[in-house]
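Chemist: So TrEMBL lists these for the protein:
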DOMAIN    14-94  domain 'WWE'
DOMAIN    95-171  domain 'WWE'
REGION    221-247  region 'Disordered'
COMPBIAS  227-240  compositional bias 'Pro residues'
REGION    260-309  region 'Disordered'
COMPBIAS  269-279  compositional bias 'Pro residues'
COMPBIAS  280-289  compositional bias 'Low complexity'
COMPBIAS  290-306  compositional bias 'Polar residues'
REGION    360-390  region 'Disordered'
COMPBIAS  378-388  compositional bias 'Basic residues'
DOMAIN    409-470  domain 'RING-type'
Amino acid sequence: MSQPGQGVMVPVNGLGFPPQNVARVVVWEWLNEHSRWRPYTATVCHHIENVLKEDARGSVVLGQVDAQLVPYIIDLQSMHQFRQDTGTMRPVRRNFYDPSSAPGKGIVWEWENDGGAWTAYDMDICITIQNAYEKQHPWLDLSSLGFCYLIYFNSMSQMNRQTRRRRRLRRRLDLAYPLTVGSIPKSQSWPVGASSGQPCSCQQCLLVNSTRAASNAILASQRRKAPPAPPPPAPPPPGGPVGTLAVRPSTFAGAALWAAPTAGSAEPSQPPGAPPRSPSAPSGAPTPGQNNLNRPGPQRATSVSARASIPPGVPALPVKNLNGTGPVHPALAGMTGILLCAAGLPVCLTRAPKPILHPPPVSKSDVKPVPGVPGVCRKTKKKHLKKSKNPEDVVRRYMKVKNPPDEDCTICMERLVTASGYEGVLRHKGVRPELVGRLGRCGHMYHLLCLVAMYSNGNKDGSLQCPTCKAIYGEKTGTQPPGKMEFHLIPHSLPGFADTQTIRIVYDIPTGIQGPEHPNPGKKFTARGFPRHCYLPNNEKGRKVLRLLITAWERRLIFTIGTSNTTGESDTVVWNEIHHKTEFGSNLTGHGYPDASYLDNVLAELTAQGVSEAVAKA
């Protein structure tokens, strides 16, 4: 780069929904368990677009273009990604970006994880980094996008603002993402709601949707011309009472950003240890176009009676580290604050509530067994998965061979009346490529060789899962490492269940060595955050969930070994698509109570893994 310019704190990137009849870059993305949209590679997106042109309601076999995605299939009709060996389903969407942005140029920004592998940033973050890079900024603050990281382009590194830990960063040139021209819908994503067309109302989805809407609104506000900001209010008389100060008078995209009118507000002085102000912005004059809620300078004062001093009708936004220099929570409070301030509305900042993760201390004498559930502990020991004689024997156990109809095999996407797409790839005695079978219970038909390939790529535990309807044949088992599961009653109530005690589940898995069923056999795996405490209400449905969770634990389905989407660490113990409530007395993270639909949702997740009372009794 040439001579770098001044660093910038970018509030949002240029991401927006495409207008009609213009060229836009298409990026396909999938939703991970932390409600973040992760982009597929450009090669995979080109493959999906090619299939989409031929059949908008068909299926996309991702393993045809990426060997690492062999187990995955995308159903274009339901807009879901399905993993054949585990039955995991994830929403996908077709998103659009400007052709001049990073995906249109084939530019990928990646960070190095603990295992030495490179992980791509989310697409909106990638675009933001590339924009700052092209403008020759020496650094970039990602806090306004929801991440407490600083990007340094001179050293090509990423630094955590809290831990000061640094990771390597790289900019890689890849294939440009596909381009589409014409009338484009605002977005194409999965069918939301339970066949009702209503958006999902869970806290994670609401947070993601509100953040995207805030980004688009901010982008629109930057294009509007606003009248000049009025002069700052006169300071209060000396010795006046200290109230709540939201943000001192400043501007955002030309709109006035005013403090909420509080009794006796005062401008705070520079506290010791605070970061210096930007050298290009004089004292009291903010930099136009920046997110001043996240500026490094001190712009918040202490409060004696914060809630009492908030005027009626002024929204209160929770802030982390109110007395220090910590930024407004970027995912919710920050975005809301920016929008309100851009519209010239007052905002008051209050202390952010802290989640209540654990119940009050409980003595051993108060801990009781769960009624109707024998024992208080289950242990799993290291044992090899059951090995079947031959994969074709397992497949034939659930198949009834019939004359094939002239339709697609949804595994290889070839016609059933022709040979399997795995012809020449797999060879098994007695399984000819043209043989077709029908699953006995659901009736779906596939090439026999395709089912053998799907089974051989999974756990080889003697079970088979239909790729179309997800019906499970046999007893499905997972790859959970050895550990211990404890469960008991404690004399405290969960929010929303005031009349019942609480079932506490404690999972404990130690570090160890990966077995043959794991991603990297013989390599050490880590187990972060154990023991993990989870909570259920002690009612009929809660005890039912507990019994099924015990069954899932014994089948090694609760956890697995993979890459953490939170930390990026690979070869570590992670949750395996069965959600748990780990927050006892609140629901600030979305993993607590009250949550009226949680018990029904987790029962559905257990059923999808083949764990249900009907199957257990059978």
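Including glycine, each Cβ sits where the backbone N, Cα and C put it.
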Chemist: Pull the DSSP breakdown for the domain 'WWE' (95-171) and write it out as helix, strand, coil residue counts.
Modeler: 19 helix, 29 strand, 29 coil
Chemist: Can you give the mean pLDDT for the domain 'WWE' (95-171), rounded to a whole number?
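Modeler: That region's mean pLDDT is 90.
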Chemist: How many helix, strand and coil residues does the domain 'RING-type' (409-470) contain under DSSP?
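Modeler: Output for the domain 'RING-type' (409-470) reads 9 helix, 14 strand, 39 coil.
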